[in-house]
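Notes for the one structure printed next.
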Amino acid sequence: MIGSKQEGSLCAQHCLNALLQGEYFTAVDLASFAQQLDEAERERMAEGGTTTAEYQHFLQQPSSNMDDSGFFSIQVISRALEVWCLRLVPVTSQEYLETSEHPTQEQAFICNFREHWLSIRKLGYQWFNLNSLLIGPELISDTYLSLFLAQLQQEGYSIYSVRGTLPECEADGILRISPAVQLERPKLISEVNKQREKDEGRSSDASTGEQSSQEDDPELAEALRISRQENELDDKSLQEALRLSMQGYLENSPHQGQDLMPESSVVSSSVPPSHPTQQTTSHPTKEPDPVDLDELRQRRQAFFERQQTNPASPDKGPPAEPGQDRPHPVENDVSPVDSLPDEDSSREEPAVSEMTEDEMLQAALKMSMEATQQDTNQTQDTNSTS
């Protein structure tokens, strides 16, 4: 079914093509009919004399059959329908009142209000409003047809009945076999475009909402800027503390590796000779696991709580002499790493109230790294023993 959509002010062209259900007329065709009508009118006016004031005034007037916007008069539409042996009869004329008992007995109507034209046609056994301002044809029931025409007349429309034989169309044959069912009335094209622009405006407002809100509220923008700076400073402080902690740990790691070498040699010497591969195999030092910030915070919190409960830690005993031999590892015995003295164990931990925040953070980082190193050494000794 052809229901042409409005393009510019060419509603007369859309009205004719929708009525005939085919692209039979163009704007150029209708303009040609308008020029022929203008020439016929000029010749009639010239019969009274070309020097008369009426004729001169007629020449100065624009065409009454078309204008620059694309509007065409009822005379142009009637001239176009004559090509198909069709004619228009006003529904208010005596001819229509005498020959038509009910609008459903007609085959089509053409309606005009100011500069807009629309057609109403029967296809199959159903009536359709083929208004080019709608997104599609509108189904009209037989009961509603009379009310619809009466409503158009009240709105100021001029209604014409199309008399003659309309050209055959594919839609008429299909709708005779399978009538149309319309669940929703088609909307006006202007309403659809307005809704689309509204949706596009919402999406653009959502993308620029944050920026506009900050521009409208300078205090909010300043607060957000300060908050971002504080977050960046906190992150930089934490990264610097971690860097210093890792730097101190790496500086002490070679000394710790030398202390562990005798233990590794003792463990290797305890392996039976029947396994020479185990005697010569050395276990590479395992890299420390990356520091987990959440775990680091938990350990630091535990350290602070322990300091508050017991501000001064008791001495753990003097460190072992450098030349003192360490006991050989025995199966099911404590790992030699457990017996290693803590080089800071003899020192008395300062009270929490006497420590600065940086000192507390470094202490927590040191405890975390020492615990990680001890777990690594225990794993290595267990693998060596096995």
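Please read every residue number as a count from 1 along the shown chain.
Using N, Cα and C of the backbone, Cβ positions are placed for all residues, glycine too.
Not measured: the values here are computed from a predicted model.
Residues annotated as domain 'Josephin' in TrEMBL: 1-177. Per TrEMBL, the feature active site maps to Cys11, His116, Asn131. The active site, nucleophile annotation in TrEMBL covers Cys11. Taken from TrEMBL, the feature active site, proton acceptor covers His116. Here TrEMBL flags 188-220, 251-386 as region 'Disordered'. The annotation compositional bias 'Basic and acidic residues' is assigned in TrEMBL to 188-203, 284-298. As annotated by TrEMBL, compositional bias 'Low complexity' applies to 264-283, 372-386.
Feature map: TrEMBL annotations on the structure.
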residue : record                       : CB count, 10 Å
Cys11   : active site                  : 22
His116  : active site, proton acceptor : 17
Asn131  : active site                  : 26
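Shown for the compositional bias 'Basic and acidic residues' (188-203): DSSP residue counts in helix, strand and coil, namely 15 helix, 1 strand, 0 coil. Between the alpha carbons (Cα) of His116 (active site, proton acceptor) and Cys11 (active site) lies a span of roughly 6 Å. Across the compositional bias 'Low complexity' (372-386), DSSP helix (H, G, I), strand (E, B) and coil residues number 14 helix, 0 strand, 1 coil. Here the CA atom of Cys11 (active site) lies 9 Å from the CA atom of Asn131 (active site).
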